[in-house]
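Undergrad: Supplied in C-alpha cells, the structure appears directly below.
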Amino acid sequence: MRIFAFIHLLVSIPHGYSNYVETKAGQFFSSGHTNNWAVLVCTSRFWFNYRHVANTLSVYRSVKRLGIPDSHIVLMLADDMACNYRNPKPATVFSHKNMELNVYGDDVEVDYRGYEVTVENFLRVLTGRLPPSTPRSKRLLSDDRSNILIYLTGHGGNGFLKFQDSEEISNMELADAFEQMWQKRRYNELLFIIDTCQGASMYERFYSPNLMALASSQVGEDSLSHQPDLAIGVHLMDKYTFYLLEFLEEVHPASQANMNDLFKVCPQSQCVSTPGHRTDLFQRDPGSVLITDFFGSVRKVEITKDTINLTSPVEPPIQRQVEHSFVADISSQKPKQKDWHPPDGFILGLWTLILLVFFQTYGIKHLKHIF
Amino acid sequence: MAAHRCGLSLVCILFFSSLAHPSRCDTLEKANDNTATKRSISEVNTDGSVAGEDMNERQWQSTDVEVNRSDGTKNSETFTPAPAKDQFQEELVIRPLHSGDIYASFQFRTLWDTDFLQEGQKKVSHYRLFPKSLGQVLSKFSVQELHISFTQGFWRTMQWGQPFIPSPPGAELWVWFHHTVSDVDGNWKELTNVLSGIFCASLNFIDMTNTVQPSASFKPLGLGNATDHRFLRYATLPREIVCTENLTPWKKLLPCGSKAGLAVLMKSEKLFHSSFHSQAVHIRPICQDEQCTSKAWELRQTLNVVFDHYTSGQGKKEWSLFKMFSRTLTEACPLASSSKVYVDITDNPEGELFELSPATPLLSQAVVLGDRRTYSVYDLTRAETFGQLRSFNLLLRWKGDSGDMLRPLLHAERYVAGFGLQTGEIHTVIYNNHPYRAFPVLLMDSVPWYLQLYIHTLTVTSKSRDNKPSYIHYQPAKDRHRPHLLEMLIQLPPHSMTEVTVQFERALLKWTEYTPDPNHGFYVGSSVISALVPSMVAMSTNFTQDQPLFSSFVPVKEESSYFVRVYTEPLLVNLPTPDFSMPYNVICLTCTVVAVGYGSFYNLLTRTFQVDEPSPPLAKRLANFIRRIRGVPLLA
C-alpha cells in the first residue's frame, strides 16, 4: 500500500513539474510588451530652473541603468545647464547637495535641446508626424507592443504645462495626443509621470485605455523643490523626483517591485504636496505591474530543458474592448458634484441659536398673535 | 572594445580575401561559413561533394585562387583587386603659451582608399576604421567635402597666437557637393537634419535664412577642381551650445572609441572647464602621392582645447597630462599606425624656460604657420615610452618668466557701434602687423536679414585713407528668405589697421518669430578673414606621408606664404522687442472697458423702471399665510 502511494507520488512529480513549466510558458506568452521606450521632457528655460533639468536627467539615468538604450530614449532638455556659463562645475548636473551624484555623466545623448523643445515638436514626437528628414534618434518609433514611459517636468498650473516661458500645452491636448497614439496603435501600455505644480490636473482628461498616470501634487497644491546647493546657488531637485530617484536607485533589472510601491513614493509627510495617481484606464492590476515593465528594458527569458507542447491555445493578452465615450460627451461633462451631506454640528448649533433668539424676542406667549 | 574590433577586423579580412568576386547571392552566412576556419577549405577541396550549389562551388574556387595566387594558375574574369586599405593615425600637440595657459590639439586621421562617389561600382558596404554613419551620409548626399566644427569660447589671437585649425564660436558647417548633384538645396536641408541626429546638435535650424554660397572664401581644401560656387553651402549657428552630448557621439566615431589611445584623455569634466574648446570633423578627398595617381578619402577629427592657467592650473605654472585631463596614457590605439605626442619646445632650447619630463631623445622640426618650430616627440607605439609604471604622464614645470609673445601677423576684431534700437553700425577692424609687407585678405560677412545693411554707407579705410577693395561680391538679403553676403578682397598696407564700417537698421520681427528669450539678443555670425600671409620661413611644398598631422592640414601651394583663416567675434544685437505680456493685458483692459462702458449705456437705453412694492419679510408672509387659512384678517 505504502509502496503504491510512493510510486504514485513518483509518477506525479514529473507530471506536476511539466505542469509548472507549462503554466510558466503560458505566463511567458501572455505578457504584453516586447520593447520599451521613454520620452523624457524638461520644459523650463533659464538657470534658476536647474532643478527641472536635474529631474529629467535623474530619470534618464535610472532608465538607462535599467536597460533602455539611447536609441529608445527621446530626451528633450529646454536649456543647457551643464555647460551654462553660470555653472561652477561645467559638464556636470548634480542632484544631491555637496555634489554627491552627477546625473549628467559622461555618456549622454540629448535629442531635442534648446529652442527645439516646443509643444509642436513634443506632440509630433508622440504622434509620429515628423518631417521625413528627421533623423532616427529624434523619432519615437514605437509599435503596438511597446511600453512607453513619459516624464514631464517644469512649471504648470491647473490644466496646463508651460513650455519655455512662451507657450503651454493643455491637458485636453495631451489627452487627445494619447488618443491618437492609441488609434494608431503606437503603444501597448503607457506610464505618464508629471512633476509640476497642480500636476494631477494634467491627467484628469485622459480617456484612452492602458494609461497609468502619476503626479507629484493635486489640483490646488504646489510641488516644492528639495534642497539648494550653496556652491551652485540654485535648488538642485524637486522633492517628488528626488524621492523617486531614491526609490529607483534600489531597483535593479531583476527586481520584482511593482506599481503599488511606486504609488507610495513620497507621501505627504516627505513631499508636503499629495502625490496622486490614476489607474482606472489601466487594464491590469497595478500590483501585478513591475517597475521594470516601464523603467527598464527587461527581456523575458525562461530557461527550460524540457520540450513544451503547447496544446491548448495560448491565451492572448487581455484586450477587452473598452467602450470609451465620444469626445463630445467628455467635454460637456460637468465636474462631478460633491455629494450632499447632512449639516454637521456647527450648522446645527447655529440654527438652534437662531431659533432661541427668535423665540426669546417674540416670546412664546406672543406666538398666538401670529398663528 | 579594441580587442573586439581586432577580432572582427581579422574575420572581415578573411571574409574579404575569400570574396574574390561579387556574386549575386552573396549571403553573409555563406561567406562566414567559408571563412570561419581556413583549414576547412582544404578539406572541402578534396571532398567536392560538400559544395552542392554552383554558387558555393564558385566561392570555394575563388578561395582556392586566393590561396594559390602566386601560381597564377586560375584567373577568373570577375577577379577584382584586393580590398580597400585604410589606416589610422593619432597625435597630440601640446603648446605652452606665454601667458601660462596651455594649448592641446588632438588630431585623428583615417585615410581610406575607396571612392564613395564613383558611379557604376557597387556601393561601399564594408567599413573598418572609417565610421559607417559618416560614410553612408557621404554617399547618399554626394558630398565632396564636409567641414563641421563645434566651438565653445573665442580664440584670442593676441594672447595665444594662431591655432592649428581655426573655428568660430558656435557651430559652423560648410560643404562642397559633387558636381553631379541636381538639387543642392534639397541635399543640404537633408544633410543638416541627418548631421543634427548624428552629433546631437540643433543643426536643423540651418535653413535658407542663414545659409550662404561664398564665391571666393571657402575653396576646397582637398582635391577637386570645383570652381562653381553653386555647389558650396556655408552656414553658421553662433548660438549653438557645445557640451558632453556633442562630445559623446564624436568620440564614438573614432576607431578605438574612448577606450584606448589618445582618446582616453577626453574626459568632459576637464575639457569643458577650459577657456576654449573646439571639436571638428573634416572630410575631404586627397591625393595619395605626388603625381596624384590614386585618391583616398581623409577623415580628420580634431579637438583643440586651451586650459586656463588660473581655473584649471590652480595658479601654478606647472602642467601635466594628469592635471589637464585627469588621466594618463597607458597604451596607443592598437588600430593606429602611428600615435605620437608632440611638445613645442621652440622657446626652450637650453631648458631655461621650463623643464620637460620624461626626457626624450626624439626631436622633430616642422614649419607650421610660417615659423620653424621644434618639437619633442613621444612615440606611444613604443613600449619604452611608458616606462616601468606602464603609464605616460608628461610634466612641464616653468622655471623662469617668459617674455612677450611674437605678435601674430594677422588679427581682427568686430563690434557694433551706435545707440538705440533703430540703427547701428558694424565695425570690422583688421590689423596687419607685418613690418614691411602688404598682402591682400578676403573678408566674408554673412549678416542675417533682420539687420538691414545700407551698403551705400560701406567704407574701408586704412591709415585714415580710403582703401578701395579690388573685388566685391555682394548679395543683398531677402526678408525671411536669405541673409546678406558681402565678400571683399582688401589690400592691407604694412603695419596698419584697416577699418570696415557699414550702417544698418534693425527690423521689427513678427511676434511669432521671436525666441522664447528675446531679451537676450540676436546673434550675428563671425566674419571670416582668409589670407595668404607672407611667411618668415620657407614653407615646404614637398609632399611626404610622414609629415605630422598638424602641419599637413592645409595644402601648401607656394613656399613664401601660408594660409591663415581668422574668425572675428560674433555680434550680439538687441532688436526692438515687444512686451509679450501685453496681449493678455490688452484683452483684460478692453473687455473691462467694453463691459463697463457699453454695458451701462445699453442698460440706460433699454431698461424700463417700475415701482415695486417691497415684499414683506418671511416671518410676516408665513403669519399671513396661516391667518388666511384661519380666516383671520391679515397683517399690514
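In case you wondered, yes, glycine gets a Cβ from its N, Cα and C as well.
According to TrEMBL, the active site annotation covers A:His155. Residues or ranges marked as active site, nucleophile in TrEMBL: A:Cys197. The signal peptide annotation in TrEMBL covers A:1-18. TrEMBL lists A:345-364 with the feature transmembrane segment.
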Undergrad: For the residue listed as 'active site, nucleophile', what residues in its own chain, 6 or more apart in sequence, show a Cβ-Cβ distance under 8 Å?
TA: A:His155, A:Gly156, A:Gly157, A:Ser217, A:Glu221, A:Asp222, A:Ser223
Undergrad: Within 10 Å of the Cβ of the residue listed as 'active site', how many other Cβ atoms can be counted across all chains shown?
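TA: Here the count is 17.
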Undergrad: What does DSSP assign the residue listed as 'active site', in three states?
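TA: Its secondary structure by DSSP: strand.
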Undergrad: Name the secondary structure element type, per DSSP in three states, that contains A:Cys197 (active site, nucleophile).
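TA: Note: A:Cys197 (active site, nucleophile) is coil by DSSP, not helix or strand.
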